Amino acid sequence: RNIKLLDDLVKEKELVVQKNRQKLGACQLRIKMLAKQLDRVDMEIRREEEAGNVAALSHLRAASSRLCSELQREKELELIIDLKLNQNKLEMWEIETEQGKYEVLRDELQKEEEQLQRHCQEQRERRICEERRTALQAEGRRRCRDRKEEKAQKEYEERKKKILEDAKRNHEKAAYFLKQSTARIHDKIAKEEEKTQEHMERRIQAVLSLKTSITSNREKLQTLQVLNKAKALEAKKEEMKMREAILAEGGNVVKEIFLHKRQLKHEKEEQAFRELQKSRKIEIVSRILKEKASVDKQKESQSRTRATKARAEVEDPSLQREEAWPCSEETCTRAAGAIAQDELWERGDDEEEKEKTLLEPEFPGLWGKEYDLHKIPKEEVDPTQLAIRAVKKEMSEKKMEELQTGSFAKQIVPGGEHKGCAFHSKPSCIRFKDFDVGQTYKKKIMLTNASYSVNYCRLVGISECLKDFISVHFDPPGKMSSGMSCEFVVTFKPMINESLEGEVMFVAQTGSFSVPLKCTVKSCVLALDKELIDFGSHVVGETISRTISLTNSGALGTGFK
């Protein structure tokens, strides 16, 4: 490092010496030019003296004095530059002598660098040898692994061959037992067809009774609308009476009426929610019955095809023998699966016989006690319960599709349709006023579910212009009933002294909404307490005075005149 520093100083001094030499040469050149000009002026002065031209003579003498002063300055500058040049040469020679002291160290350093290069070369050669050795070892391991894989493949083929032989023997046994079980199943199917037909007729009658009840309910709805109008008139009269009574007692009329209306609204929403639940239960029952009917039709068609096949086998025993022995493993497994499915349907139909008709509630879980489908033991699962589960799954998937595609369902209840934003924020606008750059500000905002039913809320993001200064902390609360609230925290850390404006965006089950956000810098807000100065009537010569107050309601001070 010291040697390099001395080399750099030598180069720097050489550059300074070279620049000073150039300056000295330029100065000497200017001196020569000024001397020539002075000689030329002296010759002209002598010539003009001989001619007796006084005006030109005074002008030439002034030019001669100016050239003499410039020549004197250049000579002084030449002496200064020469002195600097000698001093720089002396410093350069001193550095060169100092540099000569390190010649031995320079040679040793060069030798050490050569030794280091040789050492690096030896290390590279040694690494190459090690890499070749590891490559040979990897090749040996790969060959050993290939031999093991070949051995395992041979063992697998032998084991597969043995499994196929065992499967063939098992297939022969299964074909024998299959013939016996099919004969028993055909007898059972013939008996069960009659029972399922009777059961289906009872269910159809129940569905028809449900339809008639729905139509009667529609007629009742029209009468209810008329009654609702009458109730509204009565409610207005009661409100007037309540207002008069509260005024007579000396209470707060607005507060009492607001609380009364709020209670009535809550009761109406609960009644509407109960009616919506009833209609959904009726729809679920109708869907279950339709699905059960389609399943019964499918069973009937399967039983008929099996019966025709059984009759064909009985009529042609030679064909029966040909079809029994050469059937493959796949057909055997299909037949066994069909048998298992028929047994499941048979078990489900036996359980259905024990149930009551639909004139009494067939599914007690829908009307009475709460029943969790996820906790049903395996032996109690029947096709109707599976249908209920499928309907719930379909409804949940439909909601997820609506959230993903952005097509949100309207909230309609018997009392009316909810319009507007699903959630209300308090405060309605997030404001950060009179902020200082570098400081951190936080605000807690409350979100209230203003819709008619259970709703969800999820943070989408904030405006692009606010991302560098605003951060939002929001823990999704999950399901929120109507009127429930949750909170989120907005943190503002300004880096520039500029006003900002944007919004915090959310998405709910009924649509997207946003909360506006504004950040305003400190400003001066000047206002006068009077808009008009009125002196009124006065007498000539009288002096009248009025006082005016100027107020700065902002956070930034200012001057005025």
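Glycine too: its Cβ is placed from the backbone N, Cα and C atoms.
The feature coiled coil is assigned by TrEMBL to 95-174.
Annotation comment: TrEMBL describes 310-324 as compositional bias 'Basic and acidic residues'.
Per TrEMBL, domain 'CFAP74 second Ig-like' is recorded for 526-561. Averaged across the domain 'CFAP74 second Ig-like' (526-561), the predicted model reaches a pLDDT of 89.
Residues or ranges marked as region 'Disordered' in TrEMBL: 295-327.
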**Request:** Grab the same-chain neighbours of the domain 'CFAP74 second Ig-like' (526-561) for me: Cβ-Cβ under 8 Å, and only residues 6 or more beyond its ends, written as numbers and ranges.
**Result:** 433-434
**Prompt:** When DSSP states are grouped into helix, strand and coil, how many residues of the domain 'CFAP74 second Ig-like' (526-561) land in each?
**Reply:** 0 helix, 6 strand, 30 coil
